[in-house]
Amino acid sequence: MSDIPISHILFVSTALFFIGMYGLFTRRNMITMLMAIELILNSVNINFVVFNKYLYPDKLDGIFFTIFIVTIAAAEAAVAIAIIINLYRSHKSIDVEDATDMKY
Amino acid sequence: MNLILLSAIWGVVMMFSGLFLNSKSAAKTVALVGAVALLIGNLFDLSGKMIINSDFKGMLHYERFGLLFLTVLILALLIYILLSGKDVEAVGKHSFEYFALIFFVMSGAGLVALFNNLLILFIGIEIVSIPLYILTGSDKRNLKGNEAALKYFLMGSFSTGILLMGIAFLYGAAGSFQVERLAAITSDNFTAFTTVGIVMVMVALAFKVSAAPFHFWTPDVYDGAPTVFTSFMATIVKAAIFIGFLNLFTNAFAGKADTWKLTVAVITALTLFIGNITAVYQQSVKRMLAYSSIAQAGFMLFAVFAVNDLSKQGLLLYAAAYCFATIGIFAVLVKMKDYTFEGFNGLAKRQPLVAFVLTVCFLSLAGIPLTAGFFAKYYVLAAAVKTGTYLWLVIFAVLMAAVSVYYYFRVIQAMYFKDGEAQELEITAPFKALLVVVAAVVVVLGVYPSLLTNMLFFF
């Protein structure tokens, strides 16, 4: 385990975080945006596990935190999909560009 | 702990009573019983008698300030249910579920107010947010409501991602989620991890309290959501997240205040500027109140900026003044059909009492003396002056408060000095009596603010 330096893993998680952010800002399909949010949350999960494993291996705080994140992400996804289905019923599309009834 | 437990339990009770009670109008009564139970439970909390007397290995922190703040929030909830309960029932056919979600939000607010561990802060903020996504989209046939729910969800979960990333970095620096541990590392060995962590957490919380430049979701969401739930979101929820913000910065990050002071000052100035200036140009009172809630968030940010003993009193008083006045205004606004300024024309002739109460509430929001809003603004600004730096920010805030008078007085002017066909409002006598109670609370707190702030020290 120790032959992979921590910086490599942190690089992966940071890259995932920004890929997620890029996806959230460029994609117009709601399901893809939901996937982008999941990417962001999972990059955070990697961070927690890595810090726990490499820096503070005597306790399990970080790993427990990831369990909470996974649970809450699931709850969020359920609500998000309900909202998307509701929008699909009224707009017949899951493109966010179609949901612009309000003026800025 | 009583509050967190009772509100979570009462949320479930609400859902089941929706199943077993057939009459739709029972929802308000059941919710009212729940709110009173929360209030009693919270008073027991304050006197130290709890159902489960444990701080869960230091994860919760029963501070007098947090408990007292929750008391204010529960009183606001009580007034909210009494004033707008019938309108909550009218949103859709799932009236029990709306109240259930409101109780779940209160449970999250309890966690946010009493956290002593970043895990609890995160869970609390999520418990507050997720029911709100549903409440925003609860009017399923309303296209604007659906769109608002989507926007709220996207922005909310994005800011959750940022909050979590910040917590991950703080964990990397401190090795623990305990607030005491964070306070130790922020004052002793300060690393890049800590800076990145603090900035990310700050940005995420600024998103949640709709501070500029992270405010852009607010007007659309507040405008699109059913008006009763806008009232709830703009008052109780916003105040609840603010206490988490203040507690985190006071207990964990105060040791290195000079590193984040400037950032918070810039966020505060931008929030005041954008909130107040944009509110001037609104045609709809509901949207104006959304921008005004951004502007009021700017004033509450002064408490976070100052992090001293005055800021606690200031935030407590501000939350009370803002919540009661805004709930009163929204309770009348819900009953109107026309949300534009013209809709208020001639209201004083037809409903003199309602117009008077609205005037008191708007004066309080603008911060005119003899109303609670004046001392609330005074305390938060005095807290900022006490730090001795950034005096320009305080002067700027006073100027912006003067700007806010313009758009609040537009409504008062429409009610009293413009002629027009006032709308027919369905207003009952108990509703009027409650409005008078709201106005009385606002005025009493404006004359004797120490009634509330002294409770921080003795009971």
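Cβ atoms are placed via backbone N, Cα and C, with glycine included.
In TrEMBL this protein carries:
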TRANSMEM  B:25-44  transmembrane segment
TRANSMEM  B:65-83  transmembrane segment
TRANSMEM  B:98-128  transmembrane segment
DOMAIN    B:116-398  domain 'NADH:quinone oxidoreductase/Mrp antiporter transmembrane'
TRANSMEM  B:149-170  transmembrane segment
TRANSMEM  B:190-207  transmembrane segment
TRANSMEM  B:228-250  transmembrane segment
TRANSMEM  B:262-281  transmembrane segment
TRANSMEM  B:288-307  transmembrane segment
TRANSMEM  B:313-333  transmembrane segment
TRANSMEM  B:353-378  transmembrane segment
TRANSMEM  B:390-409  transmembrane segment
TRANSMEM  B:430-451  transmembrane segment
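Just going by CB pairs under 8 A, the stretch in B:262-281, B:288-307, B:313-333, B:353-378 that sits most against the transmembrane segment (B:390-409) is B:262-281. Here the transmembrane segment (B:313-333) sits apart from the transmembrane segment (B:149-170); fewer than 3 CB pairs are under 8 Å, leaving out pairs fewer than 6 apart in sequence. Remark: the transmembrane segment (B:65-83) contacts the transmembrane segment (B:228-250), by the rule of 3 or more CB pairs under 8 A. When each of the listed stretches B:25-44, B:190-207, B:228-250, B:262-281, B:288-307 is scored by C-beta pairs under 8 angstroms to the transmembrane segment (B:353-378), B:288-307 comes out highest. Across B:149-170, B:190-207, B:288-307, stretch B:149-170 shows the highest tally of CB pairs under 8 A with the transmembrane segment (B:98-128).
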